[in-house]
Structure formats: C-alpha cells, structure tokens
Amino acid sequence: MREPEDYMPKAKTALLRNKQYALFGHSAVKVCHWTKKSLTEGKSCYKGKFYGINSHQCVQMTPSVGWCQSACTFCWRPLYFDPNGLKEDFLDAPEEIVEQSIQAHFKQLSGFGAQVGTVISKEKWAEAHKPRHVAISLSGEPTLYPKIAELISAYRKQGISTFLVTNGLKPEALQFMADTNQLPTQLYVSFQTPTEQMQKDINRSREKDAWKKLNQTFELFPRLKTRKVVRVTLLKGINDAENLIQGFADMIGKGKPDFVEVKSYMHIGQSRQRLGRHNMCSHEEIKAWSQKLAKALGYQYADDSPESLVALLWNGTTPRFIDFSNQAV
C-alpha cells in the first residue's frame, strides 16, 4: 500500500490529518461523532432510529478520500477534490482496504479505552470491536474507486453490512454492481437539484453530461435489487421553494426508492465559506416540506430526528429495519 502523499499533495494530507482523518493509501477512516455518542452516552444516529444500525459498531470510511467530480456548495469537506478518479495502476486491493480500515478505526477508538468500566460498559466496548456495519461516505465519491463493487463484497465476507452514498454520476459502476451481485446493503443517491441549471449552480459538477448521468442513475434505480434511498439535502432559500416539490417528486418517483431522507444543510466545515447559517432549515421546516414531498410521491411520512434535522419518507412496503442476523447483508 502506497503512502497517501503518493496520491495527494502534502498540504492536503496534512489538512485531513489535522481534521482527524486516518489516512492509508487513497482511503481514509474517521470515527463518527455518533459512534462516540453511542459509546459514551448511549445515543444513536438517525440511521439507528430509521433502520436499526448500531452506531458503536459502525465504521465510517472512504476508498477515495481526495476524488470527486463535483464541488457542491453545501459540502463541508475542503473542496480539493481531483475529478479524474484513481488510476488503475495505483489501486489498493479491496481486501487490504477492509483490513486497514478496521485497524485504523480500532486505533482511533483506543482513545476511549480509559473510560471503559466507568463511562463505557465493557459489553459495549467489546461490541465496538466487532464492526457490523460500514458507511462508505466519509469524503470524496466512492464510485471513483474502480473496485468499489469488490470492496463491498470484501466487507460482506467479513459479515459487515454496507451503506454506500454516491452522487449518481457513475451509473455504470452501479450497473456493474448489479451485474456481479455486489450491491451494497443500502444504496444512497444524494440529490438536491430537480433541474439541470440548479445542478450546475449547486453541485457544480466537472463531469461532462452530469445531468444526463444523474437521470440514467434514477432510471437504473428500480432495477437494482437492494435497499435504495434518495437523500435530499435541503438548503433554505435555495432549493426549498414549494414550486420545486413536484420536480423533486417527478425525479425521485422515476427511481422508485424504498426510502427518501430529507435533511437540512448543516452550517459546518468549509461550507461556511459559501453559505450562511440562514441556509439551514429548522426541524419544523424540514417536517413541513417533507410532508408535502411525501404527498406528491404517494409515500408515508415515517419518522424524523429533530437533533439531526432529518425526516424519513417510506414506500410502506420495504421493511424499515435491517435483519442483521442475515449474514448475506
């Protein structure tokens, strides 16, 4: 495995390390805020409430920490991304990434060891060292790692479920996952823009035919035999106008996802240089907008998390909670 500096300038790797990213090769791990909360306070992220994920058994990682085709205005990561993807000659093996990601996660967890037996129960600490889930979403666009399908399979072989979050600009990667039976446990497409012009203004993609590719992903979505989610990031005063809701519903309806998550923009990280706190939605605003979208889609308003400013819409048929007793997840 090569050094991160073989892929990115030292200034970028230094910035990431300063933000507590554990870097290895072209990948990275960072212990999630909610993993810490789960260990020390017994609280779970909204994915626990919505789908049954144990936050203290979740690894947050990316196989492409410095690569993305877009420069979204609302992204809290530093916008240093290389849009060209990783070169085949310099790829780390999926099995190696799995091993290194778990080791890096454990190393970051070790800082909580002094609290075991007091703040953190021994049972929960033991469970935290048996990862059951990985969120492939930390930074960058994971489908730019050409072996993303094989990475998902490598985690599955370890009995670890996967949530993959993509911007939807590589439909061919999703098609390959489907063709080779290597789809994630739950597949997310991030979607903020019901028109091509809004995509240009908000996502600022450097990908040729970005709007066409996003539409291809939504057209492919119904044929993908896995749990599917469309995640809408709502930016107050930018993409939350009531007259846009039908456009959102038309695009999302084309994809027939099992779930839709509507989440407020969060005024954190580098996004603060481009947007203001006034662009965040309140929980009541998220709830009201989501209920209107649910009506337009014919979905159920199923749940919400005020702390995370997110609401869940549900098709009413797919089981909400994942069966983690099934080793095939």
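Glycine is treated like the rest: Cβ placed from N, Cα and C.
According to TrEMBL, the feature [4Fe-4S] cluster 1 binding site maps to CYS32, CYS45, CYS58. The secondary structure of CYS58 ([4Fe-4S] cluster 1 binding site), as reduced to three states from DSSP, is extended strand.
Counting only same-chain residues at least 6 apart in sequence, those with a Cβ under 8 Å from the Cβ of CYS75 ([4Fe-4S] cluster 2 binding site) are GLY269, GLN270, SER271. Positions annotated as [4Fe-4S] cluster 2 binding site by TrEMBL: CYS68, CYS72, CYS75.
The annotation domain 'Radical SAM core' is assigned in TrEMBL to 51-300.
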Among CYS32, CYS45, CYS58, which are recorded as binding-site residues, the nearest neighbour of CYS72 ([4Fe-4S] cluster 2 binding site) by Cα: CYS32
Per DSSP, three-state class assigned to CYS68 ([4Fe-4S] cluster 2 binding site): coil
CB-centroid shell, 8 A cutoff, [4Fe-4S] cluster 1 site CYS32, CYS45, CYS58, site residues removed: HIS33, TRP34, THR35, SER38, SER44, LYS47, GLY48, ILE53, SER55, GLN60, ALA135
Cβ-Cβ distance under 8 Å to CYS45 ([4Fe-4S] cluster 1 binding site), same chain, at least six residues away: CYS32, TRP34, LYS37, SER38, ILE53, SER55, SER308
Rounded Cα separation (Å) that holds between CYS58 ([4Fe-4S] cluster 1 binding site) and CYS68 ([4Fe-4S] cluster 2 binding site): 23
